[in-house]
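Notes to accompany the following structure.
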Amino acid sequence: LAWHFQQRAFPPEIRKKFDSGSAGNGNKSHNNAEYPPTSGSQCNSDKSKKSSNCDVCGKAFKYDYIMRRHYRVHTDERPFSCKMCGKTFISASSLLKHTKTHSGVKTFCCTTCGKRFSYNSDLLKHTRSHTGEKPYHCATCGKVFGYSSSLLTHMRMHTGVKPYNCKTCGKTFKRNCHLTEHYRIHTGEKPYSCTICGKGFVCTGSLAKHRRAHTGEKPYSCITCGKKFAYNSDLLRHLKTHTGEKPYHCKRCGKMFLYNSNLLKHMRTHTGEKPYGCKTCGKMFAYNGDLLKHTRAHTGEKPYHCKTCGKMFGYSSSLLKHMGIHTGVKPHHCKTCGKMFASNSDLVKHTRMHTGERPYHCKTCGKVFAYSSSLLKHMRMHTGVKPYHCKTCGKSFTRNSILTEHTRTHTGEKPYECKTCGKRFNSRTHLLRHMKTHAKRCTIDTRLLEAGVPRENMQTPHREA
């Protein structure tokens, strides 16, 4: 049980009271902790009837014995145990109620839904789910609750008390259920699994969120624009786009951000931190998203496809650029030569042809490049890394384009055709090399024709261009 490994994290002065056996204004004895004094003189004494307040949550009690019993909620002392199953309880009355679960008798019935209960108190709590009654309210913020336990848990938001402590790492929690879930991080236990994909989870809440990835359910909607979200956290982030609120700002440059996560990412532009490394080639990245994109260069994964022609792409930006071929839209134009481009990034790269700018340089040999992709390819000459592997024969290559040409030696594909003689080739390089043989042949034929040799006597036939 979770309570076997939990410890309470209270201030020293309160812990001292627990350790000494006292609670609030009560005495040190536990013999009368469950029931009030039976002596007439004791019952009528001012001490027995003096109002007592809980030092932890501030709850007030008419009698000391009731407050001493209440303190067990905070200390987790459970002196009453069931002889049948060993389960322990804070009070004798709770143990008495529990024993009925072994007998199976449920004498109390809900008149609304027919559900049966062993105890009348459980029936009364249950009826609130039908009536909506919330008799417990927070004196600090006014929020109301259907159950006293819910109010007690809520009060920890105001007091900051986190009474549940993990023995492994020391982390503290406001709720016992949160400690139980956290403990599974250490044990590796994942008792809840998805029936669709089999993925395991430490808690039911995580499983419920995960299921939305399969069902597509989006229960949270924006009241301003109607946009729907699968998770409440995503909705809360989205709402800031309407209010324009940017509560997080960079102390170095003053830039404002909607989310703290974006600020943390932005800080890496100042620190130069690159915590994400590629396991294949060792390249480091500032953002996990950039690493995920980069790995596709090694795996060949192309998750984005064009709905018009079916062509696949490794990046959404590449698909967006490609769509310009179908739409013909090229909103970005070069001021120097007037050439149009579908994306601004292509225009920026193009302008380097005019300016001669080469912002990327090799730290090993000092060679400079106009494009980051060119530098990346060049670096493989120094590192010897060949990240592209042929699945058929296992041969490795420094470039994906070389791998593509190589795979054609296995498939027999020859997409490049000579328009002069019809001969086909598996690479553009081979086609261009072949075209030179026609240029030489044409030079020889011209000389033969000038010498009076008939075309039909020439060895190499030619197609008309």
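Counting begins at 1 with the first residue displayed.
Cβ atoms are placed via backbone N, Cα and C, with glycine included.
The compositional bias 'Polar residues' annotation in TrEMBL covers 25-42.
For the domain 'C2H2-type' (80-107), the list of distant contacts is 34-35, 69, 72-73, 116-119, 121: same-chain residues at least six beyond its ends, Cβ to Cβ under 8 Å. Summarising the annotation, TrEMBL assigns domain 'C2H2-type' to 80-107 (among others).
Below 8 angstroms of C-beta separation, residues 97, 100-101, 144-147 of the same chain, each at least six residues beyond the ends of the domain 'C2H2-type' (108-135), sit close to that stretch. What TrEMBL lists as domain 'C2H2-type' is 108-135 (among others).
Annotated domain 'C2H2-type' per TrEMBL: 136-163 (among others), in sequence order. Within the chain, the domain 'C2H2-type' (136-163) has long-range Cβ neighbours (under 8 A, six or more residues past its boundaries) at 8-10, 56-58, 73-74, 76, 125, 128-129, 172-175.
Applying DSSP to the domain 'C2H2-type' (192-219) sorts its residues as follows: 12 helix, 4 strand, 12 coil. Sequence annotations record features per position, and here TrEMBL assigns domain 'C2H2-type' to 192-219 (among others).
Note: the domain 'C2H2-type' (220-247) comprises 12 helix, 4 strand, 12 coil (DSSP; helix = H, G, I, strand = E, B). Sequence annotations record features per position, and here TrEMBL assigns domain 'C2H2-type' to 220-247 (among others).
Mean predicted confidence for the domain 'C2H2-type' (248-275): the pLDDT average there is 87. The domain 'C2H2-type' annotation in TrEMBL covers 248-275 (among others).
If you look up TrEMBL, you'll see 276-303 (among others) marked as domain 'C2H2-type'.
Away from its own ends, the domain 'C2H2-type' (304-331) comes close to residues 293, 296-297, 340-343, 345-346 of its chain (Cβ-Cβ under 8 Å, at least six residues beyond either end). As annotated by TrEMBL, domain 'C2H2-type' applies to 304-331 (among others).
Residues of the domain 'C2H2-type' (332-359) grouped by DSSP class, helix first, strand second and coil last, total 12 helix, 4 strand, 12 coil. As annotated by TrEMBL, domain 'C2H2-type' applies to 332-359 (among others).
The domain 'C2H2-type' annotation in TrEMBL covers 360-387 (among others). Beyond its flanks by at least six residues, the domain 'C2H2-type' (360-387) meets 280-283, 297-298, 349, 352-353, 396-399 of its own chain at Cβ-Cβ distances under 8 Å.
Beyond its flanks by at least six residues, the domain 'C2H2-type' (388-415) meets 297-298, 300, 377, 380-381, 424-427, 429 of its own chain at Cβ-Cβ distances under 8 Å. Taken from TrEMBL, the feature domain 'C2H2-type' applies to 388-415 (among others).
Annotation source TrEMBL lists domain 'C2H2-type' at 416-443 (among others).
Residues annotated as region 'Disordered' in TrEMBL: 15-53.
Residues 265, 268-269, 312-315, 376, 383, 385, 387-388, 400 of the same chain lie 6 or more positions beyond the ends of the domain 'C2H2-type' (276-303) yet place their CB under 8 Å from a CB of it. Sequence-distant contacts of the domain 'C2H2-type' (332-359) (same chain, at least 6 residues past either end, Cβ-Cβ under 8 Å): 317, 320-321, 323-325, 368-371. With DSSP classes pooled into helix, strand and coil, the tally for the domain 'C2H2-type' (248-275) is 12 helix, 4 strand, 12 coil.
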